């Protein structure tokens, strides 16, 4: 009986290794090599969010900005060096993406549990899921097995990540190039139910657009975001003014009321092809959660490095 058990264990491990060499992501990728991975990551994420609720949105955004540039490969985490320019100073990221220190803490904890096994790219995927769950959103089984890139692209970060000034057609096009549908795009945009944005990113919408509720603009936003460029650029406002630290469907309720903070937010409900989907989500968090989970899993499949490609970084900020 013991011999038979060992045989099955050996076969299971062989199948797991075969899956990794075939370049397939799986939800049980680290079951043998790092069995305590999920609790290790979640403990650090939960502690970080307890200290600052906004950190959940920041970790989720890191995963998005990573996947949209050359796939989900941990490239956004690489620091610049005298001979290498990464993605952190790209326009969508500079003075904007954050949470790198928390990723460092997660990596340190994971390395203590299982040295040299778990990629930084996979850590981002798990931390994004945990952030959503901790802030009362849906859960899902994260597919794993990504490896870390040895390079990054400032140019692609500038070109591929949709800016807050995007039109609906531009948003749809940007997502389509990543294999994501318009439906995926609207669902993923619902991540803006948590987090904050800087004045410099919503000023134009606030003062130049007409599809924003007048009293919301005048009373809530104009006092904290002056019209003059360069004045108060880094002042923050919540993307969802109703429940800014709870993952729910109020983002879509806000859009229906013309209370989207960013131009690109309100484009989703502005007399266009996505209006009906926004309305559906505004009345059903169940529908939103289901589609968000599906889209997150799909986004996590964008061009992962697997098998012998890339590496498992010891330090998420630099290649080995």
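Quick reminder: no glycine exception, Cβ is built from N, Cα and C everywhere.
Remember, it's a predicted structure, so these values are computed and weren't measured experimentally.
Quick look at what TrEMBL annotates:
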| type | residues | note |
| --- | --- | --- |
| ACT_SITE | 65 | active site, proton acceptor |
| BINDING | 66, 69, 71, 73, 75, 87 | Ca(2+) 1 binding site |
| BINDING | 162 | substrate binding site |
| DISULFID | 34-114 | disulfide bond |
| DISULFID | 67-72 | disulfide bond |
| DISULFID | 120-316 | disulfide bond |
| DISULFID | 199-225 | disulfide bond |
| DOMAIN | 24-320 | domain 'Plant heme peroxidase family profile' |
| SIGNAL | 1-23 | signal peptide |
| SITE | 61 | site 'Transition state stabilizer' |
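Taking the recorded positions 34, 69, 114, 120, 225 in turn, the residue surrounded by the fewest other Cβ atoms inside 10 Å of its Cβ turns out to be 114. The shortest Cα-Cα distance from residue 114 (disulfide bond) to any of the recorded positions (65, 73, 87, 162) is found for 73. Summary for the disulfide-bonded residues 199, 316: the Cβ-based neighbour count within 10 Å is maximal at 316. Of all the disulfide-bonded residues in the list 34, 120, 225, the shortest Cα-Cα distance to residue 69 (Ca(2+) 1 binding site) is found for 120. Apart from 66, 69, 71, 73, 75, 87, the Ca(2+) 1 site neighbourhood in this chain, defined by C-beta within 8 angstroms of the site C-beta centre, holds 65, 67, 68, 70, 72, 74, 76, 149, 152, 153, 157. Note: the Cα of residue 61 (site 'Transition state stabilizer') and the Cα of residue 73 (Ca(2+) 1 binding site) are spaced 14 Å from each other. For the pair residue 87 (Ca(2+) 1 binding site) and residue 65 (active site, proton acceptor), the Cα-Cα distance reads 10 Å. Most other Cβ atoms within 10 A: among the binding-site residues 66, 87, that distinction falls to 66.
Ranked by CA distance from residue 73 (Ca(2+) 1 binding site), the disulfide-bonded residues 120, 199, 225 have 120 at the top as the closest. Taking the Cα of residue 199 (disulfide bond) as the reference point, the closest of the binding-site residues 66, 71, 75 is 66. Around residue 75 (Ca(2+) 1 binding site), the same-chain residues at least 6 positions away in sequence with a Cβ under 8 Å from its Cβ are 66, 69, 86, 87, 149, 151, 152, 153. Using residue 72 (disulfide bond) as the reference Cα, a 10 A cut-off selects none from the recorded positions 34, 162, 316.
The Cα atom of the residue listed as 'substrate binding site' lies nearest to that of 67, taking the recorded positions 67, 71, 120 as the candidates.
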